[in-house]
Amino acid sequence: MIHVLKSRSTLLTASSIVRTSVGSSSRYSQTRTYSRTHSWSKDASGGAISVLPTKLPFGEQAPRFPHTLGLPLVSRPLFPGLVTSVTLTDEATIDAMEALTKNQDQAYVSCFLRKKNPTGVSEGGVILATPEVITDPSDIYHVGTFAQIQRLTRGDETAATLILLAHRRLDLEYVDKIGPPIDVTVKHWNRSDYTGADDTIRALSNEIISTIREVAQVNMLFRENLQYFPMRVDANDPFRLADFAASISASGTPEDLQAVLEEKDAEMRLHKALVLLNREREVSKLQQEISQKVEERMTEAQRKYFLTEQLKSIKKELGMERDDKDTLIEKYRKTLSEYPHVPEEAMETIDAELEKFSTLEKNSPEYNVTRSYLDWLTSVPWGVETEENFDIQKARKTLDRDHYGLDDVKDTILEFIAIGKLRGSVQGKILCLSGPPGTGKTSIAKSVADALGRQFFRFSVGGLSDVSEIKGHRRTYIGAMPGKLIQCLKATGTTNPVVLIDEIDKLGTGFRGDPASALLEVLDPGQNSTFRDYFLDVPVDISKVLFICTANELERIPGPLLDRMEVIRLSGYDLPEKVAIAEQYLVPKSMRDSGLLGVPETLKLTIDAVRSLARWYAREAGVRNLAKYIDRITRKLALQVVAESEGATLTDKSSRKSNTWEITEDNLHEYVGKPVFTSDRLYEDGPLPHGIVMGLAYTSMGGSALYIETQSIRRGLDSEGKTRGGGTLKVTGQLGDVMKESTQIASTVARARLSDIKPESNFFDINDIHMHVPEGATPKDGPSAGVTMVTSMLSLALDRPIRNDLAMTGEVSLTGKVLAVGGIKEKIMGARRAGIKCVILPAANKRDYDEIPDYLKEDLEVHYADTFDKVYEVAFSSVDST
């Protein structure tokens with residue numbers, strides 16, 4: 001137990017047992033007075049060494065200093081009679097130990113085991129991470145060892161090695177000073193303190209000696225220590241024997257070893273040491289078993305290798321088997337002989353690599369690299385082409401079988417086949433299918449391959465930012481391999497497949513290069529006949545490949561890349577087309593996938609139900625969501641069929657009858673829930689409010705209605721009754737830069753037009769105008785709402801509403817010209833969905849309107865405008881002034 005000395009000159013805290021005495025420096029002069037001058041010799045490594053005489057008092061003859069320096073130890077305590085080395089890294093501690101070595105009579109320290117290793121605890125901005133630094137006396141155990149400094153070696157300026165000889169145990173009574181190093185007051189143990197029964201001690205001693213010898217048979221460390229056992233430890237001294245046994249135990253934990261050190265009873269000390277030895281014996285046996293198993297496996301592997309090599313040599317002598325390299329070289333040459341035409345440059349490279357490969361040893365680092373290179377060179381189908389289908393009627397049937405509509409794509413493919421039939425050969429082509437999601441861009445590519453009789457390969461470049469995915473890795477890199485184009489030729493086994501490059505508008509860029517620029521060579525008919533992959537580094541002809549790219553937004557494709565493609569725009573499907581697609585493709589496929597084709601029940605999804613699905617649940621341009629809703633319906637039907645079937649089985653199998661389930665417009669909500677959409681129109685009945693006009697928008701999801709709302713706020717008056725300042729324009733609705741510019745142009749055109757219609761009006765001078773485009777969470781941009789904005793402002797300024805069944809689109813110039821816009825078909829489809837009867841289009845878009853199917857034009861009044869005067873005439877003609 002450690003006592004805390006209380007005196008008038010001592011400061012005590014609850015967490016410390018540190019004693020400091022005023023005027024007591026002379027009492028501790030042997031440990032506190034250090035000198036930096038010392039004579040040193042050199043060891044073999046060049047470090048400075050301080051050596052004390054070897055003939056010094058040992059054990060009980062060693063002095064008993066009550067006040068010494070304290071030295072913390074890590075991992076293992078120091079047992080009496082043993083020698084250990086301690087590495088010091090704290091400069092103050094090294095200086096203190098160096099001072100002690102000056103006087104051999106004072107070269108003693110008290111060693112205590114730390115309870116835990118230092119982990120770099122920060123205190124006051126200083127990292128306390130060295131083992132010899134103690135900041136809290138409770139960090140060390142209070143039973144330690146009185147040790148003599150035998151030797152101190154300085155390796156460099158920051159570290160030193162201390163050799164210690166342990167003499168006896170001691171108790172820590174006080175910590176006089178927190179260092180580093182610490183000053184401690186100790187109480188030495190006496191031999192008279194030990195007790196124990198002679199017979200029991202003798203039995204335990206014999207068992208320890210027997211266990212040590214048993215462990216030494218399998219443990220080399222024990223065997224080496226046992227050689228010095230007779231000289232170092234008296235077998236009749238149970239205390240030294242227990243200390244020796246504990247000190248050579250490698251499996252003992254610091255707590256277990258400290259327990260042996262603290263034990264005063266000889267019998268208990270021997271017993272605890274024996275427990276450590278028994279644990280060491282079990283660990284040694286386990287290590288021996290593991291070592292034997294590993295050795296047996298290695299011996300067996302070596303034996304198999306030796307026999308295998310002998311067998312290979314015998315077979316080779318008898319001509320029964322050839323060397324692996326010879327077999328591979330023969331396989332490569334046989335593969336090359338089967339190709340119709342290998343380019344001269346490629347053949348020269350292959351011959352050179354085969355010659356190098358024949359000289360390489362199997363264990364050479366170059367062996368696998370060369371073999372991989374030859375594997376890829378011989379895997380390219382040099383000159384191999386798939387025989388194509390030139391039957392126009394068969395190709396048309398294949399395309400019509402898989403897809404409804406898409407006439408532009410089908411006609412282009414049929415033209416491609418016709419040219420090939422006339423020429424007798426087919427060159428490659430680069431098509432780009434652009435349109436909203438779910439319109440069949442990806443799936444039509446597979447149908448094109450089937451119609452042509454070609455192999456099909458698809459890879460997506462969405463988010464791709466590494467050029468190596470296109471052009472391969474250079475062979476200097478570990479794990480290098482060719483790019484997707486060469487992988488495509490190997491996978492299809494032909495040089496004229498149909499290759500689908502999906503999501504080309506979503507190419508990324510990064511520090512590994514620009515994939516869009518890498519595709520310029522791939523998609524250029526004038527260059528791709530000698531495409532050179534970084535890995536192969538030989539020209540490969542990919543000019544006969546039919547490339548089909550897909551994109552949602554052409555604006556995101558770089559101009560030079562887009563210029564190399566033949567763009568085919570796929571507009572969204574209108575309501576009749578969606579119903580036809582669902583009836584001919586989606587419903588039968590969903591029934592088949594749900595296992596409902598062979599059931600005795602009658603299942604029916606009415607046309608009205610499909611129409612309601614397309615109108616109120618899946619209004620996007622494609623049919624992907626429509627297919628999801630149909631799948632949801634068939635899954636619920638499958639559950640009902642199985643439930644009915646199991647119910648009939650439980651009652652009477654013979655009583656089961658065919659049931660009829662009919663999905664109609666009335667019970668559709670029971671299967672798919674409430675409608676997602678209600679109406680495209682914000683204002684249903686009657687004339688529109690002043691300042692409200694419906695425009696038409698075109699997005700990646702198709703066409704839709706786009707309202708423009710304008711409201712005026714009267715400006716305040718000054719003291720003379722005049723309006724302060726001029727009118728301002730505020731726009732909201734998350735508009736893009738182009739659309740914001742359109743609002744400024746529309747404001748100017750509206751002001752100019754108002755001055756012509758009503759010269760006396762000062763509406764825009766005395767009012768602030770706020771223009772808003774509803775659905776503010778949706779970003780909007782583009783110039784096609786120009787005429788709609790001008791009409792909205794004039795409706796507000798003239799205090800006249802416009803027709804409720806009118807929608808318009810067109811860009812307006814500063815002089816009032818109405819300019820052409822895109823997406824006419826999609827906008828007409830959006831207008832019909834919103835119930836619009838009258839549409840104003842730019843005159844330049846008349847040719848686009850003429851190409852729209854006739855059923856979309858039915859009951860639709862269309863006006864063409866080349867200037868805003870025509871727009872004004874149509875918009876306000878049938879509405880009386882209010």
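FYI, residue positions are counted from 1 along the chain as it appears here.
Note that Cβ sites are derived from N, Cα and C of the backbone, with glycine treated the same way.
Following the DSSP three-state reduction, the secondary structure of Ser784 (active site) is coil. Take the CB of Ser784 (active site) and look out to 10 A: across all protein chains shown you find 26 other CB atoms. If you look up Swiss-Prot, you'll see Ser784 (among others) marked as active site, on the strength of sequence analysis.
Around the Cβ of Lys827 (active site), the same chain contributes Leu696, Ala697, Tyr698, Gly703, Thr809, each under 8 angstroms and 6 or more positions distant in sequence. Residues or ranges marked as active site by Swiss-Prot: Lys827 (among others).
Positions annotated as ATP binding site by Swiss-Prot, on the basis of sequence analysis: Gly435, Pro436, Pro437, Gly438, Thr439, Gly440, Lys441, Thr442. The Cβ of Thr439 (ATP binding site) has 26 neighbouring Cβ atoms from other residues within 10 Å, across all protein chains displayed.
Here Swiss-Prot flags 68-281 as domain 'Lon N-terminal', drawing on sequence analysis.
Residues or ranges marked as domain 'Lon proteolytic' in Swiss-Prot: 687-878.
Marked as transit peptide by Swiss-Prot on the basis of sequence analysis: 1-34.
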Cα-nearest neighbour of Ser784 (active site) within the listed binding-site residues, Pro436, Pro437, Gly438, Gly440, Thr442: Pro436
Additional residues surrounding ATP, by Cβ distance to the Gly435, Pro436, Pro437, Gly438, Thr439, Gly440, Lys441, Thr442 centre under 8 Å: Leu433, Thr550, Asn552, Leu570, Ala621, Gly622, Arg624
Sparsest-packed of the listed binding-site residues (Pro436, Pro437, Gly438, Gly440) - C-beta count within 10 angstroms: Pro437
Averaged pLDDT score, the domain 'Lon N-terminal' (68-281): 78
Structural state of Gly438 (ATP binding site), classified by DSSP into three states: coil
All-chain count of other Cβ atoms within 10 Å of Lys441 (ATP binding site): 26
Among Gly435, Thr442, the one of these binding-site residues whose Cβ has the fewest neighbouring Cβ atoms within 10 Å: Thr442
